[in-house]
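K.L.:
TrEMBL feature annotations, pasted as is:
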| type | residues | note |
| --- | --- | --- |
| TRANSMEM | 86-104 | transmembrane segment |
| DOMAIN | 99-370 | domain 'ABC transmembrane type-1' |
| TRANSMEM | 134-156 | transmembrane segment |
| TRANSMEM | 208-227 | transmembrane segment |
| TRANSMEM | 232-251 | transmembrane segment |
| TRANSMEM | 318-338 | transmembrane segment |
| DOMAIN | 478-709 | domain 'ABC transporter' |
| TRANSMEM | 814-835 | transmembrane segment |
| DOMAIN | 815-1089 | domain 'ABC transmembrane type-1' |
| TRANSMEM | 855-874 | transmembrane segment |
| TRANSMEM | 950-969 | transmembrane segment |
| TRANSMEM | 1039-1058 | transmembrane segment |
| DOMAIN | 1134-1375 | domain 'ABC transporter' |
Amino acid sequence: MIDDKHPPASIEGANIFSYITFSWIQPKILYGRKHTIVADDIERLSENDRVQRISNLVYKEWTQEVENAKHASTPTHKKRPSLLKVLWRCYGLYAMVPVISGILEGICKISEAVLLGYVIRFFNNPDMTIKQGMGYAIALFLVTLIHGTFHHHNFFHVLRLGTWTRQSLIALMYRKCLTLSTSSSISTGTIVNLVSNDLQPFENFAPYGLYLLIGPLETIAVMYFLWQELGVACLAGLLALSLLLPIQTFFSRKFGTIRTNTVNARDNRIRTLSDVFSGIELVKLCAWEVPFQEKIMMLRSIELEHIWKANTLRAINMSIYFFFQPVVAMFAFTTYWLQHRDVNSQESLTPDKVFVSLTLFNILRITMTSYVPKAIETFAEVRVSVKRITDFLLLPELRSIEPDVDPDNKNQGEHQGFKAEDLPDILIDMKDASFSWTISTDEKNEILELSAKEKKEKEAKEKEAKAKKGLPAGSDVDSDNDVVLLDTHKKALLNNITMTLRRDELLAIVGPVGSGKSSFCMALLEEMPLVSGSMTTAHHQQDTRQRPITMSYSAQSPWIFAGSIRSNILFGATFNQERYDKVIKASELTRDIKLFPKGDATLIGEKGVTLSGGQRARVSLARAAYRDSDVYILDDPLSAVDPKVGRALFDNCINGLLKGKARVLVTHQLQYIKDCENVIVFERGQVTHMGHVDEVMKEEVEVKQVVREGDGVKSVRTRAKFVDVLREFARKAPEVSAEEAILATDEIETTAALNKAIGVNDIDATKDKVAEEKEDDGASIMEKNLTVEEVANDDTSFKVYVDFFRIGSTWSKLILTIICLTAAQTIMVLGEFFLSKWSGSSVQEQKKSYYPTAFGLYCLGTVIMTMIRSYLFFDCLTASSRNMFRAMLDALMRTSIDFFHANPHGRVLNRFSKDMSLVDELLPYVFFDATQIGFMLLGSVVTVCIVNPWILIAVPIILGGFISLRSLYMKSSRQVKRIDSISRSPIYSHLSETLDGLTSVRAFGVSNKFMDEHIKTQEDNGRAFFTYLGMARWLGYRLDAVSALFLGVTAIACVAIRDSQQAARAGLAMSSVISLSGELQWAIRMSVEAAILMVSVERMMEYSHTKPEISPRHMNNPDGSSVVPNGWPSEAKVTFSDMSLTYPRGDSPVLKNISLDFKAGEKIGIVGRTGAGKSSMIGALFRLVETMTGNPPQRGGISIDGIDISKIGVHDLRERMAIIPQEPFLFRGTLRFNLDPTNKHQDADIWNALEAAEIKRLVEGLEGRLDAVVDDNGKNFSIGERQLISLARAILRRSKIIVMDEATANVDLQSDRMIQKAIHTQFQGATVFTIAHRLNTVIGDYDRILVLDQGEVKEFGEPWELLDEMDEKCCGWFKGMVAGTGPENESKLRSVAKELYETRRRCRE
């Protein structure tokens, strides 16, 4: 696909001169000087750099490598695929380009030293003419220039290789994600960490890896020329070098170990962070910020221990780089002095010997103490990353990526012409099918398969259980063969299912919480592995052609991604206006879309945060219905909507638009099952009843469950009870007449206000409009995020640098560090001058022992001061990194929930993963390198100017050129680097969203479209990164060219004043300039790199200054006592006084002038259409959003027991209330931690709470019981089970105010009854607020009903008062809702309400 949006790649049209000098990137650099560079200004990638090309290449080779490994494996030895071999086959040939340029660069470096010797000898040889001296000087300049050219092309190509490796491996890992079995249980945080941090070592290794080959070759060549200069004495230098090798080997091993520990610790931290940010609303509602913050900081401290060890080794490594040259020189020159100290010897250290040797030793210093150690260190990290990535790539796959399914069959030539008539009558046929999640993941993220060892352990436990019962080994634990023994909850088995699904059948799936209904949907979608029996799915058959049946899926927890409403519904399908309109109407979305700010082009946030729960459910249902599929699997789509909307969805969509198709409907709304042809009843993973509903209710079945009891197991026989619930509640709800439908379908004023509040109105929807005109084909599945991440265009201010250093260190420590930096460089410069004096002395003078002794002391001082300054510098930066993380985490834990609604999960996580790892590991090294080389640069300039004052004339010109180049480069490169940083966030967000909706992506057959979208996000990032890479080489080449010119000027100037110039001083000047030429451009490049890395610091500092919630967590009186009295609230009277609520940045209130008085201990039911403001009212009570009252408006409007809640701390308020949220959330860890994260309760209290929540038996059957492992977001529990755990959590808090936000929407009616029973027994005397869709939940059990619509109170009173037309409180709103449930149910509800009313009236009398 041709990219017409961005300018063409200039590198493809560059001529040879432009290519050599990197001038092809210059127009972009000049453009950035006067303009702000935005993403659209960056050129597209060249054909060689296209992510699609390299990702396909690596995928092809990896697939081949896996196949080769399988063929090479034997029963006793399993061969492991090699990722490094794959990369070599893909990029090995291209890697020869930098290998050749690297070898030529090495030749040039050695040639510089040889030519320097000729120039120095020119001064002591009167026979050589000025012309010859000028020739040597010019040759020295040209060789230095060519050296710079080869160096930068070498780096350009290896960094390009590193980029290709990163991009292709990310694509390979994303492709793997699309095929992962859901049973892998690998967390989103772990995968994000793999992508963000485990690929960084490949890029770090790229520039240095070459020196593992070139380094030894250079060493051999250098030693040859050193032998020519110093003879045997050069072996002493070689000895010093050999002493370095075991040290480097030790470092390499330690780096590998530390890296493994670091990434494991970081994995745990990021997984926990990801978990907490996903459930941040629950964290804030329960006031759990402190325990979670402590848990994260504990994991962070473990990570920092390993980072500190790594940084200490880096500090030592960089110190060795700095002092290696004088130490080796000391060894060599002292040995030379000892060798020729005899008075008869006429040999002495001449200037040419000293400075040629110093230059050659400098080559060894850079190569063997910088490049080679870095290569060894980064290769050790690469090996760790390769193992982790390979482990991930070898995870079990569910199936490979299949071709995209076009529901209209318009774009599949080989599939055109298939019709519904081509299908057989039976689409799905199961025979004794059992399903199980066959693998799980432990806390260390190691893959655990059901191995022979596990099977033996399982058999041993069964044998032990039989022995306890006195049964023979060969017998069953129970002799009743009609009863299936259930496995433990961890295996989540579905057992021995025999069923068929016809092509036009509506099949209802019902059962209690945790019975296996959602698992059955996974089995139908082939997401859950079949372990025994058979499952056959039909194919379209026409002539000799066939294709599999297509499926649509609506998940129980609706998966909504960041994009427009239309893109969420189309989900990659071709836009068909007629079909689209029918689906919108059948899904009850017509009015919603009309009232949204931009209609169906309105952008909704990540996970659908701007939609209400009911709207998310209907968008998910519309997505499923839009596809013209053969089978529709609908997992409880009616639970999040009220009865009237539920009836409309059932009649118009499920049994209307989709009629004639095979439909599987999981539901807890049992009134619909009589409209279904057949029903399957699940209980504890078994099908207890199956068939027509009338037949089902006649059967009696027993089931048996194996539960743990101490060390053994016991078998519990129970009658299948759910059929009793079915008999009681299953009835057909008649259609609602037009007269009864008096409720306005005003569902979305609240949501529209929320959209405005967090910036949806400000996002341009032109893209969607254009797509509409062009018959949107849904190609762009994942659209832009809700809020755009800001790009700062200014330089990082000096204040950011100061604040960063000050956050971790005192002024005295920083000043001491600067003093040590200066002292170390001063000692080294004095040592060089002393060496110049030594070499310039007469032969007899050099015989004195004073010279080697003094030089040795200089070297010793250099070593000591260098080690001290390195330690201090790294300590300062590590301390700053540690405190920066703490400040950022603390700020986000204190900010309002609006921040997390407006910022996608991936963006926030990117600051804590990618930016944090850069500041932890790369910034200290780069910053210290820039600082250390800066001081070396200053020392070299001072040395040259002292030796030859005439060079002072050229210094301002040269420095001016350097500063101009740096300034020009900085302005453009910083903008491009920021675009690169920001364009990485969508990669993580897209990955995170894909993993959340993996089942939906596969069910709809859009894996390839998601793969294309991923490639696009990588291309966007790749364009910015490649531009930045080109700019860096442009700068480096020009800096080296100017440095070469400076060397040429110095050499020619020294030759020109030959008569007044000493050879020793000339040698010192030129050797300093040669080292200066490399140091100067490196110092500037490192300073730029440090400045760019400071962007990460700036981004983190931005988060650390995030605005906190208006009130602190706790508020005290002037005397230090809490403003909240002990035991508050004692009565729990809640009063709303003219309360209004407007979301941040919102235009209009979503709750309007509400004045209500709730008595102590009342049970209040809150009802209303979806989006009426029910959940916003709960948010106001918990102060997730601040409320206003009065005129002019001021904070307040809600009081509890006479205390205005706006005048107390948010934790003082939230700690004294309990909530059972609409969407239950469990955190990664143990069940105990989820129930009691503050660790305040005894085990007995926890068990009592579990028993009250009717979930004790389930927990007793878990491995580990209270310490049972909970996966991310509790995905190893069903949603209903999570809801019951949330209930237990609320019971444990023993609060006086309880809020249930549609908490029973996802549980069956039997569980609903249990919850209501628990509320009345466990929350006696508490004030209870319940948002409910099931009217039978609140009628008969609750004291008063509050009816909301469009943020206003429509009715408030006892249930019968609102149903009795003679009562003044009855306005018809609640009466209409009851009528909407059907005449039979209406009669029952009215009877219950009246009976309750009369009972209460008699009690009052």
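Just so it is clear, glycine is given a Cβ too, placed from its N, Cα and C backbone atoms.
TrEMBL labels come from automatic prediction, so no person has curated them.
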K.L.:
Between the domain 'ABC transporter' (478-709) and the stretches 99-370, 815-1089, 1134-1375, work out which stretch tops the count of Cβ pairs under 8 Å.
P.N.:
1134-1375
K.L.:
Near the transmembrane segment (950-969), which residues from the same chain, at least 6 beyond its ends, have a CB less than 8 A from one of its CBs?
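P.N.:
Distant Cβ neighbours of the transmembrane segment (950-969) are 29-30, 33, 941, 944, 1031, 1034-1035, 1038-1039, 1042, 1045-1046, 1049-1050, 1053, 1057, 1069, 1080, 1084, 1087-1088.
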K.L.:
Residues of the same chain, at least six outside the transmembrane segment (1039-1058), with any C-beta under 8 angstroms of its C-beta?
P.N.:
119, 122-123, 130, 133-134, 136-138, 140-141, 144-145, 147-148, 151-152, 944, 948, 950-951, 954, 958, 961-962, 965, 1066, 1069-1070, 1073-1074, 1076-1078, 1080-1081, 1084-1085
K.L.:
Where else in the chain does the transmembrane segment (855-874) make close Cβ contacts, counting only residues six or more beyond its ends and a cut-off under 8 Å?
P.N.:
311-312, 314-316, 318-319, 322-323, 326-327, 329-330, 333-334, 813, 816-817, 820-821, 823-824, 827-828, 830-831, 834-835, 838, 924, 927-928, 931
K.L.:
Tell me, roughly as an integer, the mean pLDDT over the domain 'ABC transporter' (1134-1375).
P.N.:
80
